[in-house]
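The block underneath contains the structure these notes are about, expressed in structure tokens.
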Amino acid sequence: LPTFTMTCEGNCGQKLDSCSCHPTCTSLKNCCTDYKEYCVEIFPYSGSIFGGMDFIVLGATFNKSSQIVCRFNNNTNTLGYVDENSRGHCISPLLYESGWIPLHISSDNGTTFSRAGAWLSVHTGKLDSQFKAILVNSTKWQYYGTPNVGGALEMTWNTSLVRAERVNIELWGYRETGKPYSDNWQGEWEYLYSLGKDQPNSGFFSFVPKPAENGFSSWELGSLRVSPSTYPDGMWNVQAAWTEDHALAWHLEKEFRQNSTAWALEKCVAWDQLETELPNFLAEIIDCPCTLAQARADTGRFHTDYGCDIEKGSVCTYHPGCVHCVRAIQASPKYAAGQQCCYDSTGAQVLTADSIGGSTPDRAHDWGSPPYNRPPRIPGQSHWVYDVLSFYYCCLWSDNCHYYFKHRPSSDCKHYQSPSTAVVFGDPHFITFDGVSYTFNGQGEYTLVTSERKKLTIQGRTEPVNGTTIKATKLSAVAMQEASSDVIEVRLVSGHNGLEVLQNQKTLSFTEQSWMDLHGVFVFSPTSTNVTVMFPSGAGVEVRLRERTMTTTVLLPEEFRDSTLGLLGKMNGDARDDLVLSSGELVANYSNPEELFSFGASWAISNVSALFTYDSDYLLDTYYHAPRHEHSFIPVFFAPESPEDPLANQASQICSGEGSQFCRYDILVGRSPRMGNATMVSFQSHISLVNDLQPVVSCGWLSPPANGKKEGTTYLQGAKVRFSCADSFTLKGSAERICQKNGQWSGEETSCVVSSNLIGIVVGSVIGAVTLIVIITTLVLHSRKQKRCDIDFSDDISKVYYFICLLYNKFNIGCKLLLPTRNESKFSFFAVFPFQKSCMFRGSNEK
């Protein structure tokens with residue numbers, strides 16, 4: 001077809017015959033002429049999952065008569081508009097999922113949706129504060145109505161988030177309906193009422209809350225929305241600023257304010273009953289790391305909990321005594337549950353069995369989980385409903401945490417297994433999962449890790465250091481995929497002063513968000529020199545930029561054992577078979593650089609298996625249309641050692657100790673002291689990581705004995721726990737137990753038994769009581785032939801019978817006291833004795 005007939009309308013992401021609508025077309029300069037018109041970029045590209053963000057459609061042209069409708073995820077429409085500069089705008093909707101949402105835009109009032117793009121929906125807890133309304137003193141909001149908490153509440157917002165002179169302040173509530181884990185289990189947001197109407201858009205609002213009327217106080221979770229007052233109350237998907245979701249203590253019913261503790265206890269007990277009826281999710285969640293060092297190092301499976309972050313001052317509101325918490329990145333497979341692990345200043349795990357600040361698992365993962373949209377996988381809200389509100393009921397609004405911790409006990413680390421780690425750094429040097437280190441300076445694209453069992457592939461691209469004058473290479477890109485996940489590529493940008501992340505060959509921007517939920521993978525990039533990729537299997541890939549070189553670390557959990565091949569070795573704990581050629585042949589001599597070079601070359605990838613992006617003539621010519629291993633490039637195998645070398649002194653100063661051979665190579669062959677220094681940093685970082693991930697022995701939690709207490713809340717090898725008993729009790733078993741290297745506690749199980757003198761008193765009392773029963777029973781046997789006795793309570797014998805019955809009950813002999821029948825002046829009740837005697841007692845109320 002002629003070029004002029006090629007259009008990107010309806011073809012975004014495609015490569016056409018004579019032009020392209022693929023994301024790579026901009027750099028390859030082969031875009032169809034209308035590419036930017038139909039394959040649109042937007043600004044800003046992200047916003048709250050609650051919606052309300054006004055964003056601009058870049059590149060596309062609109063006219064004043066255009067009637068814009070924006071369709072998200074093919075099922076949710078919002079009305080857009082054209083501004084005074086003829087730019088199209090969309091309003092993001094309230095969604096029940098996070099991540100990239102397909103976007104289609106119509107300019108003819110929804111008749112056709114010809115433009116395509118994507119919108120990033122963000123969990124409100126991960127959203128920067130500039131994009132949301134702020135509850136001033138949020139603790140006061142969520143404790144309002146409890147003792148000594150009252151007065152006016154205040155909120156603020158960035159006025160640019162709402163394009164209006166006057167605004168309404170609305171309360172929206174969230175709840176989940178239907179039977180949990182059934183097909184009719186649904187989450188829903190609903191407009192409740194307005195706190196203020198036609199208020200000036202000043203960025204500030206305050207009010208004194210009152211208990212909600214008309215049944216609205218039954219909504220216990222919600223968010224406030226600031227929206228233009230020109231819209232009707234509760235209109236969906238309009239430009240707005242939302243607060244974070246929070247417990248609506250401030251609008252609860254009068255009974256809460258009259259006695260918040262009793263109100264909360266009733267709710268707590270009801271939740272306790274509900275939990276007993278729900279499936280047990282604890283068995284399928286991952287165990288916590290044993291130490292803070294492990295938790296921060298295991299980046300493939302755990303990530304910082306934003307509610308308790310050591311790098312942000314350890315403000316741990318829900319976990320007093322802790323300095324840092326992490327959450328398991330992946331939700332559990334069946335119930336979508338989450339795991340949380342918290343640690344104190346010594347690095348030890350804090351358990352709920354020992355402290356109210358202990359870490360707790362979650363029935364619903366805070367960050368949600370694919371496919372989202374329905375409980376318990378709705379990001380944020382499902383977690384609030386099943387894990388946070390109940391914490392308020394039982395722990396914060398009342399002192400009944402034992403109910404909560406019964407269903408949310410901390411997971412200890414007795415069965416935690418650290419991941420194995422391997423690294424590529426410098427120009428380039430390799431340390432395998434089993435600790436084999438070597439240098440491979442091939443030029444091309446190679447398999448770093450492949451696991452057929454786990455469907456994971458990680459590939460690396462190398463290029464010459466400083467052009468062709470130096471016979472050494474360095475890593476310039478890594479690409480990876482697990483099963484059918486998005487393909488993620490991390491590569492050096494032009495100039496090698498930053499990292500670029502691509503998702504399915506399209507560049508991702510982290511200018512607005514540092515965390516992205518993608519298809520089958522998560523990516524975290526807090527800076528342009530730091531990228532972490534996390535897969536559902538627990539595999540993690542860290543890429544760090546140091547002095548224009550990439551350091552790539554791969555972490556694999558124990559499930560990958562005996563399943564990996566590639567340049568990073570065979571992960572099985574045996575270094576002797578670590579280096580296996582793609583043909584299956586073992587490298588015989590790890591110290592022979594030529595043999596190592598042949599090993600590396602064997603792992604060159606093919607065009608069919610390549611995961612990389614080729615979006616420049618250089619990449620196409622150097623890699624795609626050329627052999628994936630450049631056979632003509634022969635590197636320098638050994639670092640030259642010459643006293644006359646001007647860099648020799650610097651090499652000696654910078655490179656010392658373990659890993660110095662890699663550093664010297666990069667200085668003396670790569671001709672860069674800065675690269676050599678970066679190589680030492682990378683090597684030492686890897687050694688520290690390996691040390692942090694060293695397995696530790698846990699003996700598991702020890703409970704204090706009944707009627708006693710314990711000292712010590714650490715349960716790792718070498719830890720000591722001491723026991724003591726309350727007054728009148730004697731300690732039996734070991735007074736001190738030590739966690740041994742075999743994972744067992746030393747000594748014997750500890751208990752507190754009644755002291756011998758107290759036993760004598762108790763035994764004497766029991767014997768006396770039993771003797772009395774025998775005597776009294778003998779007295780009444782004379783009436784055994786009678787089936788029934790009718791005794792006035794004023795008679796002494798009736799008191800004897802009554803006392804007998806009480807004693808029988810005390811010692812579980814079996815007497816039944818039936819409920820009394822009362823009127824204004826008299827009462828009666830039956831006692832049925834084990835010797836088939838039935839007596840009625842009756843008397844006046846005053847007796």
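Cβ from N, Cα, C; glycine included.
Taken from TrEMBL, the feature domain 'SMB' covers 4-43. With a threshold of 8 Å between CB atoms, the same-chain residues lying at least 6 positions outside the domain 'SMB' (4-43) that come near it are 55-61, 90, 103, 105, 114-117, 119, 505-507, 613-617.
Annotated domain 'AMOP' per TrEMBL: 260-408, in sequence order.
Residues annotated as domain 'VWFD' in TrEMBL: 420-611. Summarised as a single figure, the pLDDT of the domain 'VWFD' (420-611) averages 96.
Positions annotated as domain 'Sushi' by TrEMBL: 697-754.
The disulfide bond feature in TrEMBL is assigned to CYS725-CYS752. Within the same chain, the residues at least 6 positions away from CYS752 (disulfide bond) whose Cβ sits under 8 Å from its Cβ are PRO705, ALA706, ASN707, GLY708, CYS725, ALA726, PHE729, THR730, LEU731, LYS732, listed in sequence order.
Among the features that TrEMBL reports, transmembrane segment is placed at 758-781.
Note on CYS725 (disulfide bond): other Cβ atoms within 10 Å of its Cβ, all shown chains, come to 22.
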